[in-house]
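Quick one: this structure, given as C-alpha cells, is what I'll be asking you about.
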Amino acid sequence: MLCFLRGMAFVPFLLVTWSSAAFIISYVVAVLSGHVNPFLPYIRYKIVEKQNQTTYFSTPVFNLVSLVLGLVGCIGMGIVANFQELAVPVVHDGGALLAFVCGVVYTLLQSVISYKSCPQWNSLSTCHVRMAISAVSCAAVIPMIACASLISITKLEWNPKEKDYVYHVVSAICEWTVAFGFIFYFLTFIHDFQSVTLRISTEINGDV
C-alpha cells in the first residue's frame, strides 16, 4: 500500500477505486430496482511532456492529440451524466459515443507513446498490458455501437422475448467491457505517477 503514497500515485488509484464503485453501485441499484436483468488526461499529458523533454522519444503531436481526445471524452461523460437516457436519448447516446470512441482512441495513442518511451520510462510488460487492454476495448466498442444502433426503442426494463433484447444485452456487455477496460488501463498509470508531484501557484497583482 505504501506505493500508493509516493508522489501523485494516489490519483490513478483513487480514480480506479471511485470509478469502480460508481459502476458497481449504479448497477446494483438498477438490478434491485428491477430496471436491469441480472472511465486524469491533463496530468498524464504533463508527465509525458516532461519525460519527452528529458529523453526525446516521440513527436509531441501524439501527446497533444491524446490530451484533446481525453478532454473530449470527459465532455462526453459529462453529457451522459447530465442528460437522462429516457428524456433525451439522442443527446445521451451522442455523449456516450464521444466518451467511448475518444476513450478507446486515447488508450491506443497512450499505448503507442508507452512503447516509444520504453524502456526509459516504461517496462515492456506494462506496454504489453496497456496495448492488450486497448485492443480488447477497441474490439468491444465496435459491436457495442453496431448493436446499439439496431435497437429500435429506448427503455430500462427489457423482456427476453422482445426482438431487440439480444442487441440490448450484447451492447450492454460490450459497454461494460469498454468501461472497465478504461478503469484497468488507468490503473497501469500508478507507476508513472509515483515520481510526480503537482504544485499550484497563485499570484495576486498589486494593482487589482
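Glycine is treated like the rest: Cβ placed from N, Cα and C.
Got these off TrEMBL a minute ago, pasting:
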DOMAIN    42-195  domain 'CWH43-like N-terminal'
TRANSMEM  20-40  transmembrane segment
TRANSMEM  61-83  transmembrane segment
TRANSMEM  95-115  transmembrane segment
TRANSMEM  127-153  transmembrane segment
TRANSMEM  165-190  transmembrane segment
Would the transmembrane segment (95-115) count as touching the transmembrane segment (165-190), i.e. at least 3 C-beta pairs under 8 angstroms with sequence separation of 6+?
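Touching, yes - the transmembrane segment (165-190) and the transmembrane segment (95-115) meet the threshold of 3 or more Cβ pairs under 8 Å.
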Can you name the far-off residues of the same chain, 6+ from the ends of the transmembrane segment (127-153), with a Cβ under 8 Å from a Cβ of it?
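Distant Cβ neighbours of the transmembrane segment (127-153) are 93, 97, 100-101, 103-104, 107-108, 110-111, 114-115, 118, 164, 167-168, 170-171, 174-175, 177-178, 181-182, 184-185, 188.
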